[in-house]
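In what follows, a single structure is set out as structure tokens and then discussed.
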Amino acid sequence: MKKTKNIKIFIGTFYLILLFIFLYLFFSKFTFEEITTYKFIQSNTEYLTNIKETNTILLSFGFMIITTLWVFLLGFGSPILLISGFIFGKWLGLLLAVGSMSIGATFLYIFGNYFFKDLIKEKFLNKFKNLESKFRENEFTFFLIYRFIGGIPFQIQNLLPVLFNIKIKNYFFGSFLGMIPQGFIVVSLGSGISKIIKNNDSIPTIKELLLSSEIYLPIIGFIFLIFLTIMLKKIF
């Protein structure tokens, strides 16, 4: 219990320090009035686009390093996918986001397996013991389904396989392939938002956003995935 409390305090303190540094650097450059204007969003979208077009490799490499570290430090997955689509577009954004998230998750899995295996078993083994036999039947296939179905917070989803001693290669490739369907939808949404901002000089209305194929198609895809996930959960 004491060990768990210390870990929570460490992680919480680390995130607060990172947040403070980010806010300090951000607001030392921009005022609150600036960041709440549509012009600010539009000009910075153009700025990111210019950086991508002139330094794609460097920007991609930097994004992957930050994402890998973010996932390793128990960060959320959806913001990364959205930002990746916003900056890099659908296809490159998907590859960079899912690839770096898989790398970060794999490092986290290895780290958790070595240092927190007993703690993870103590917290989650009884609740998820029913999955053990399914992982043993076909480790890679079931882990692929496990990644695709989701339904568990991303951070916990990355660590639960410690309970089942999954091979590292199965963990990485299962993560990469399993996150692609949901990842593509969120990345597409980010890409769509970026295009709408570039093509509109004023803030689009909610109706205009929802009627844009760049927005409603990912939403439809997301709804379809929810129904598919519910069906798969009933089967598995």
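Cβ coordinates come from backbone N, Cα and C, glycine included.
What TrEMBL says about this one:
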- 7-27: transmembrane segment (TRANSMEM)
- 57-82: transmembrane segment (TRANSMEM)
- 77-191: domain 'VTT' (DOMAIN)
- 94-116: transmembrane segment (TRANSMEM)
- 144-164: transmembrane segment (TRANSMEM)
- 171-193: transmembrane segment (TRANSMEM)
- 213-232: transmembrane segment (TRANSMEM)
Mean pLDDT across the domain 'VTT' (77-191), rounded to an integer, is what? 88
Against which stretches of its own chain does the transmembrane segment (171-193) lie, if we need a Cβ under 8 Å and a gap of at least six residues from its ends? 77-78, 81-87, 89-90, 93-94, 97-99, 101-103, 105-106, 109, 140, 143-148, 150, 161, 212-215, 217-219, 221-222, 225
With DSSP as the reference, give the number of residues of the domain 'VTT' (77-191) in helix, strand and coil. 104 helix, 0 strand, 11 coil
